[in-house]
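Visitor: Below are the structure tokens for one structure; questions will follow.
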Amino acid sequence: MFPMVTEFMNYGQQTVRAARYIGQGFIITLSHANRLPVTIQYPYEKLITSERFRGRIHFEFDKCIACEVCVRVCPIDLPVVDWKLETDIRKKRLLNYSIDFGICIFCGNCVEYCPTNCLSMTEEYELSTYDRHELNYNQIALGRLPMSIIDDYTIRTIFNLPEIKT
């Protein structure tokens, strides 16, 4: 009879422990019920990116002096800079500048180390295409300013997402 009583007490302790674990899980579930949703409905709602967001690179052709610092600091030697040396004035003249965003890792080194600030990061992050060759941007495509999300009246912009408290 004694082992039967201990088994019954063990069963009672296990039942209480299981109820406690279920209760803890239920409390955690209920604590998440009053939080705001973290996800957004993407094509119809867009987030306003932060000030230091690393999006598509914007290039200003007139400011570039063809020094190739951007190529030297790039971890994958990505920017292609074509220039011609003008012998009469002993300066380089930029002919072509291109970046392939299919390969770019958006590290921002080229923007940071450019001595003339002809490169800058934009807030544009929608670069997807059906053909990878369309991601190779020349100086004309790089010089195009992105359309602002705030100006598009068909898209609801979300300024702040609720922060997750840990």
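Every residue, even glycine, has its Cβ placed from backbone N, Cα and C.
Grabbed the feature section from Swiss-Prot, which reads as follows:
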BINDING   Cys64, Cys67, Cys70, Cys114  [4Fe-4S] cluster 1 binding site
BINDING   Cys74, Cys104, Cys107, Cys110  [4Fe-4S] cluster 2 binding site
DOMAIN    55-84  domain '4Fe-4S ferredoxin-type 1'
DOMAIN    95-124  domain '4Fe-4S ferredoxin-type 2'
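Describe the structural context of these features.
Guide: Here the Cβ of Cys114 ([4Fe-4S] cluster 1 binding site) has 20 other Cβ atoms within 10 Å, regardless of which shown protein chain they belong to.
Long-range C-beta contacts of Cys110 ([4Fe-4S] cluster 2 binding site), restricted to its own chain and to partners at least six residues apart, with a cutoff below 8 Å, comprise Ile57, Val69, Cys70, Val73, Cys74, Pro79, Leu119.
Sequence-remote contacts of a segment are chain residues at least 6 beyond its ends whose Cβ falls under 8 Å from one of its Cβ atoms, and for the domain '4Fe-4S ferredoxin-type 1' (55-84) they are 49, 91-101, 103-107, 109-125, 127, 137, 139, 142-143, 145-146.
In terms of DSSP secondary structure, the domain '4Fe-4S ferredoxin-type 2' (95-124) contains 5 helix, 9 strand, 16 coil.
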Visitor: What is the interatomic distance between the Cα atoms of Cys67 ([4Fe-4S] cluster 1 binding site) and Cys107 ([4Fe-4S] cluster 2 binding site), given in whole Å?
Guide: 20
Visitor: Looking at the binding-site residues Cys70, Cys74, which one has the fewest other Cβ atoms within 10 Å of its own Cβ?
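Guide: Candidates: the binding-site residues Cys70, Cys74. Fewest Cβ atoms within 10 Å: Cys74.
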Visitor: State the count of C-beta atoms found within 10 angstroms of the C-beta of Cys107 ([4Fe-4S] cluster 2 binding site), not counting that atom itself.
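Guide: Its Cβ has 14 other Cβ atoms within 10 Å.
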Visitor: Same chain only, sequence gap of 6 or more: which residues have a CB within under 8 Å of the CB of Cys104 ([4Fe-4S] cluster 2 binding site)?
Guide: Ile57, Ile76, Leu78
Visitor: Go ahead and report the DSSP secondary structure tallies for the domain '4Fe-4S ferredoxin-type 1' (55-84): helix first, then strand, then coil.
Guide: 8 helix, 8 strand, 14 coil
